[in-house]
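Read the structure below first, then the notes.
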Amino acid sequence: DEIVLVGGSTRIPKIQQLVKEFFNGKEPSRGINPDEAVAYGAAVQAGVLSGDQDTGDLVLLDVCPLTLGIETVGGVMTKLIPRNTVVPTKKSQIFSTASDNQPTVTIKVYEGERPLTKDNHLLGTFDLTGIPPAPRGVPQIEVTFEIDVNGILRVTAEDKGTGNKNKITITNDQNRLTPEEIERMVNDAEKFAEEDKKLKERIDTRNELESYAYCLKNQIGDKEKLGGKLSSEDKETMEKAVEEKIEWLESHQDADIEDFKA
């Protein structure tokens, strides 16, 4: 692969140096005029759009400028379509509820490179309702991201148990970021990478502990599983311990990772 400098500003020595450093010391190719490259690309794209038969063997690929995903427990950005994915594209992933007997899930769609949604850009929100009563984590909610050739994003959420679904469509001119804002978000992700990594690890550890506590709670209450194998005294002791842990988690959202591991 070659690194090609495109655009007049790439003649600036400092920019060339930064590009070289970004690619771990690999020298950019200097055999292409950066101004001519822009003009050539624009001409080819114009030919493709106008249906010129001579451009039949040429393909210009559009890519997703920022990672797309949804918000999950703890404000985590769960990624579905990574940055620089060639479009059109489609990706699905299974999610579930965050509490027992939850009748509605809210799907918040974000773009950005940070691990928490508070640092990314909200594109849209919609609700999936009518979820039958069930323990936390049991319902199967399939979320699908689809980007067409025009860059239009369609997000669908479907309850696999009932077939109930809802969706949102986000166009290119609807609450989207400018190229300058996109560049800033990418730079921020690199700048705060180490800090974000530690924060994400703490939240993941908390979520794992919470999931384990609720799973154990459900098993204790199920006579066909752990609940049927315990004596009344042991069952009462375990139920009390689990409830205390859940209450502690709810009142210590910002505890240190060491506390969650204790």
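Placement of Cβ uses the backbone N, Cα and C atoms for every residue, glycine included.
Keep in mind it's a predicted model, so treat the numbers as computed, not measured.
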| Which range of 31-41, 53-63, 207-217 is region 'Interdomain linker', per Swiss-Prot | 53-63
| request: Output the one of SER9, THR10, THR162 that, of all these recorded positions, has the highest number of other Cβ atoms within 10 Å of its Cβ. | output: THR10
| Taking the Cβ of GLY8 (ATP binding site) as centre, how many other Cβ atoms lie within 10 Å? | 11
| field | Cα-to-Cα gap, LYS235 (N6-methyllysine) vs SER9 (ATP binding site), nearest whole Å | value | 70
| Nearest to SER9 (ATP binding site) by Cα distance: which of the modified residues LYS91, THR162, LYS229 is it? | LYS91
| Per DSSP, to which secondary structure element type does SER9 (ATP binding site) belong, with helix, strand and coil as the options? | helix
| said: Given the modified residues LYS91, ARG136, THR162, LYS229, find the one whose Cα is closest in space to the Cα of THR10 (ATP binding site). | reply: LYS91
